[in-house]
Structure formats: C-alpha cells, structure tokens
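Over in TrEMBL, the protein carries these features:
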ACT_SITE  ASP147  active site, proton donor/acceptor
BINDING   ASN7, GLU383  Mg(2+) binding site
BINDING   LYS14, HIS207, LEU208, GLY209, ASN210, GLY211, ASP282, PHE283, ARG284, GLY330, VAL331, GLY332, GLU333, ASN334  ATP binding site
BINDING   ARG90  substrate binding site
SITE      HIS179  site 'Transition state stabilizer'
SITE      ARG240  site 'Transition state stabilizer'
Amino acid sequence: MKVLVINAGSSSLKYQLMETDTKELLAKGLCERIGIDGSIKHSASGKDDYKADITMPDHSAAIGTVLKMLVHPKYGVIKDTSEINAVGHRVVHGAEFFASSVLIDDAVMNALKECIPLAPLHNPANITGINACKAVMGDVPQVAVFDTAFHQTLPPKAFIYALPYKYYTEDKIRRYGFHGTSHRYVSQRAAVLMGRPIEELKLVTCHLGNGSSVSAIKYGKSVETSMGFTPLDGLPMGTRSGSVDSGILEYIMNLEHIDIHQMLNILNKQSGVLGISGISSDFRDLDEAAAKGNARAQLAIDVFCYKVTKRIGSASAAMGGIDGVIFTAGVGENSIDLREKILEGLEFMGLYLDKEKNKVRCKETIISTDDSPVKIMVIPTNEELVIAMDTAEIVKGLKK
Ligand code: AMP
C-alpha cells in the first residue's frame, strides 16, 4: 500500500511517500514558507533532487505541489495520484480522546478541534493539513497518528500534577507526554534487537534531539515520561528550559517587567543549552566550543547530560528495574561523547558501555559490553514509518 505521510506545521509541510508492504521510502520533501511565498525541496529514490521557489498561498496549494512532484515525469515516483491509497497525518495532541491512531471522520475532526487549547501552536496546523488533503485528494482515507497517544497508558500517579484536582477534571490539566510515536517505535525495535518479547522488558527510551524526553516503557506500555502538559516539561532542550521551579517565573517577570507571554518566550526559545551556553542550541556547536575551552558550552553539556542521567535513574525506579536503555533522535543517535557522559557512573545499575561499540552513529546496534546486565542500544527513530504502518493497518481493516 502507498501511504503519503504528512507532518503539517503552521507554514511548513513535511511529506514522505512510503510503500508499506516493503517499508520502502519512495519520496520525501519539505514545503516551506507556505502563505508567505513558498519553496519546495523534494527527493525520490533513483531521481535527482529538486529544489524550487513555488508560490503556495495555503496548505491546499502545498499539497497540490507535493502531488505534482510525486507524479512528475522526471522527479516523481508514481504515474497517477490515484496510486496513493491513504494519507497518514502526524497530529501533536490527542488529549484523552485518543490512545491509538484513528481513521479521520467528522467526529475525530471535532475532537481534534477540542484539543486546540491544549496545543494552540500545533493542532491548528495539523487540522489545516488534514483539510487541505481532503480538499485536494477527496475521499482518500486519512488517518491521524498522535504524539500523545502512546503515553495514554501512564497510571494516574504518573500523570496527575499536585494541583487542585479540579484542574484535571474540569480543565484537562495533566501530564500527556510527547514524542510517543518515537518512544513506541524504538522500544519495539529494542525488543527485536534483544531477541526478547517486549511484554517482559523494562526499557528506558531516551529521545534526545532538539526536543528531548525520556520514557519508562514497562512490558510495552509507557508508564512514565518526562514531558508533561506541554513539551516544555522535563529535560533541558535546545532552547527550552525543561522543568524549573515555577516560583522563578514571577521573580523574573517582576525583575524584567514582562508579561507571561514574554516569560514563556524566554522559557521556550531562549533557555535550554542555548540559554546556558549563550552560543547555540545545536550540540555540534557546543561540542566544538567546549573543545576550544569555552566553559559555558561545557556547562550546558554537563547540565544536559546530568539531567538525562537522573531521568534514566528515575524512569528505572518507576518500573522497579531496567533491562535496556535506548538512545534515539539527533543527539542520541549521533553523539558518541554525550552518550558516554550520560552513562558515566551508571554501572551500579548494571549499565556497562562498550566504548569501542559506542563509536557509532545512526545505526541500530547494541553498544553495551557483552556481559552488561542491562543492554544499551542506539536505535534511529522512524516516526514516519510508524505513521505509514498504522495508516496501512487501519485502512486495510476497513476493507475487511
Ligand atoms: P532532532 O531534533 O532529532 O532532529 O535532533 C537535532 C539535533 O541533533 C541538532 O540540534 C543537534 O544538536 C543534534 N545533533 C545532530 N548531529 C549531531 C552530532 N553529530 N553530534 C551531536 N549532536 C548532533
């Protein structure tokens, strides 16, 4: 089955066309500056890459451009858009409505709209992407795959904040967690790599990228995760602070005479490793600066690694043990030094890193010593594949 995977942002749209029978990626690309002017980058297996400025007044125009690229005689991979059997959408927030992926119908669209206050930046863009596909592709079945769904198995003791309870019952304020598609994928791959059923494994998944979260996956189900009501909770990230003492907010707001929007801008855009280092949100820049002796770049790396180390400990405690730890996403898959630093001192928990095996990037492999009681793994994430496979499964189910 050919599935078009769509990840729609407010002015961007990422896409992949996948053949789910073979798990083959046929084409992928990115539309940017939608509604401003417009540009597209497109690549397809066995074809030259394509890049152009193309006016895209809205997301429907962007989808139209994507379809034209997919059937393009020189750069395309299909003869006719009717070969696309289904569309899978990444949707950020499904609240408590959705614990798994779902075929999109009117009731689902209404629920997605109800989720907008919980993800005001992301869900409207996702909805726009769905509407654009409907407008351009008509009755092709569409499926929503949620970032939050995998964490719906968190027990109440893990998702309830210690606030007046009415904020949960009346206002839906609770820990939701994000990166769920990634945590789900890498935990399932880890079980395959370990040659054991996921139903007997306690796994800690570390999704470390520009945004970062650590989850505890017990017997295949998420039971703890570091992101919360919003993706601002938990670990320090590229530009996000992660958890801070909430008393700091009022203190800074009074000090700088700023309102809550400006405060949140500081927490979301000016904090994290960028805030500490004053240099960059990109760990490659920090590594380079630290190697040249920049103390604040080193401090940013130290703070980040220390917090990830602590999270591995607390995720293990949440499950009463640990069989495997997985590193994924940009930093987790690529940074040999950061993995080593994060795991330093965790031998007491049975985590023994093989420093030679750790010299690996973006490859699915075990990097612990052969006799390490806990397996340490690098597993490149593939959220688009999960979206395509979920979509194919749901759409095949419709035909039965
Ligand atoms: P992601 O959000 O998963 O795309 O991850 C992006 C982040 O991965 C970048 O901002 C970098 O900080 C980080 N990254 C990518 N490659 C490397 C590398 N070779 N070493 C350290 N960090 C890296």
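Just so you know, glycine gets a Cβ as well, placed from its N, Cα and C.
Unlike curated entries, TrEMBL annotations are predicted automatically.
Feature annotations (TrEMBL) mapped to structure.
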residue	record	DSSP (3 states)
ASN7	Mg(2+) binding site	strand
ASP147	active site, proton donor/acceptor	coil
HIS179	site 'Transition state stabilizer'	coil
LEU208	ATP binding site	strand
ARG240	site 'Transition state stabilizer'	coil
ASP282	ATP binding site	coil
VAL331	ATP binding site	helix
Among ARG90, HIS179, ARG240, ARG284, the one of these recorded positions whose Cβ has the fewest neighbouring Cβ atoms within 10 Å: ARG284
Cα proximity to GLU333 (ATP binding site), best match among recorded positions ASN7, ARG90, ASP147, ARG240, GLU383: GLU383
Shortest C-alpha distance to ARG90 (substrate binding site) - which of the recorded positions ASN7, ASP147, ARG240, ASP282, VAL331: ASN7
HIS179, ASN210, ARG240, ASP282, VAL331 filtered to the recorded positions whose C-alpha is within 10 Å of GLU383 (Mg(2+) binding site): HIS179
Cα distance (Å, whole number) from ARG240 (site 'Transition state stabilizer') to ARG284 (ATP binding site): 17
Extent of the ATP binding site in Å [max Cα distance among LYS14, HIS207, LEU208, GLY209, ASN210, GLY211, ASP282, PHE283, ARG284, GLY330, VAL331, GLY332, GLU333, ASN334]: 24
Among ASP282, GLU383, which are binding-site residues, the residue with the most C-beta atoms within 10 angstroms of its C-beta: GLU383
Binding-site residues compared (ASN7, ASN210) - the one with the fewest other Cβ atoms within 10 Å: ASN210
Among ASP147, GLU333, the one of these recorded positions whose Cβ has the fewest neighbouring Cβ atoms within 10 Å: GLU333
Distance-selected recorded positions near ligand 1 (C-beta under 6 Å), from LYS14, ARG90, LEU208, ARG240: none
From ASN7, HIS179, LEU208, ASN210, VAL331: recorded positions whose CA lies within 10 A of ASP147 (active site, proton donor/acceptor): HIS179
Lowest local Cβ density among LYS14, LEU208, VAL331, which the record lists as binding-site residues, within 10 Å: LYS14
Among LYS14, HIS179, ASP282, which are recorded as recorded positions, the nearest neighbour of ASN7 (Mg(2+) binding site) by Cα: LYS14
